[in-house]
Amino acid sequence: MNTMRPRHLNQRGKPVSRPISLYDKWLIGAVFGLLIIGLMMVASSSVMISTKYFHQPFHFLIRQACYLFVGLLLALIVVRTDSSFWEKISMPMMIGCVFLLLIVLIPGIGKSVNGSRRWLALGPIGVQVSELTKLAMIFYLSGYLVRQQEAVCESIFGFIKPMAILAVVSVLLLLEPDFGATVVISGTVMAMLFLAGVKLRYYFGLMLVVVTALALLAVSSPYRVARLTAFLDPWADQYNSGYQLTQSLIAFGRGGWFGTGLGESIQKLLYLPEAHTDFLFAVIAEELGLFGILVVITLYSILVIRGLNIGYTAYTQERHFASYTAYGLTIWLALQASINMGVNAGLLPTKGLTLPLLSYGGASMVINCIVIALLLRIDHENRWQSLGLRPLTA
């Protein structure tokens, strides 16, 4: 139930009798819309590959539903947890993630998939450490900006400290390698620093360093050079380095205005690699057409607008950790979704990033559910603080 009639007194000692909304209905609606579309499209896009490797068509759908169930259970806990708890554990959590990033690089411990060692195998479950690191980085930076706001804005030394952490995390991610996660984390950190009021000369200096470093890394690996070349002209090598992108573009072309119909994709029949993960958006374009694309973009836009509004409201209430956290989480989701859609449409080089709340993936789905729960919790605290009431806790 989204509304209730509080029986508490406000800060002036007067009873509050009018119903208030516990959580943001627009945000909840957008999220559940994306989750429903995601389950439908994972079911559709993975039928052939599930049948080929597991001899039953809904293997990936069942697993995705299980991941979503776990994510929602954890979200119920997070949404009842005070945001100050995450501020207290932000530093230990960051240190723990750096340790896990080191552990995942050890052969025999880290699980290698498609040439990248990104997963820790915990029995039958693979944990992608980079997803947890994104969350830890936002918590750490939010806490640091609260503690060192003046130093970050006025002193180069205060600015360098979080950059050192970012550099360590980026190096460890690139050793996996996970170029996509590095881009998302770096972009999120830069955006949060900009919102915190860092001097422009520091900010643009950082941007220059980061962009230069990423460009050098991109051209230093033959694998990444091949991806860049394929991005610039995928049809020049459509059966090799440009194969995935050309198949994605074919899916977009087949979709037209209203798509071929749910379940009617041709590209998912093992023509388009990673159709249920990194390139799910292409299958959405093929089966649901431009109309489906616009629906997905609209739902993401609602999510982003509401997330930014939650961050701004927390800032006006001088709840700065909650504000920076809400901004960071929203920027992360917006950036990752934009990059994924851009890659699928041929506007950006391939990065290997999932589409938040839609693509198949255990770690990403669970973490995304936690992210949404954090936004809802901050919004809940905003609403109740504005009335002088104590937020609900577990």
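The backbone N, Cα and C atoms fix where each Cβ goes, and this holds for glycine too.
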- Message: Based on the record in Swiss-Prot, is it correct that Arg118 and Leu303 are on the same side of the membrane?
- Response: no
- Task: Could you break down the residues of the topological domain 'Periplasmic' (223-278) into DSSP helix, strand and coil, giving a count for each?
- Result: 27 helix, 0 strand, 29 coil
- Query: the transmembrane segment (178-198): which same-chain residues, six or more beyond its ends, come within Cβ distance under 8 Å?
  - Reply: 116, 118, 130-131, 133-134, 137-138, 141-142, 145, 149, 152-153, 159, 162, 166, 169-170, 206-207, 210, 214, 217-218, 224, 324, 327-328, 331-332, 335-336, 339, 351-353
- Note on the structure: Checked against DSSP, the composition of the topological domain 'Periplasmic' (349-354) is 0 helix, 0 strand, 6 coil
- Go through 58-78, 155-175, 202-222, 279-299, 355-375 and flag the stretch with the largest number of C-beta pairs under 8 Å relative to the transmembrane segment (89-109). 155-175
- Do the transmembrane segment (58-78) and the transmembrane segment (202-222) share at least 3 Cβ pairs closer than 8 Å, excluding pairs fewer than 6 residues apart in sequence? no
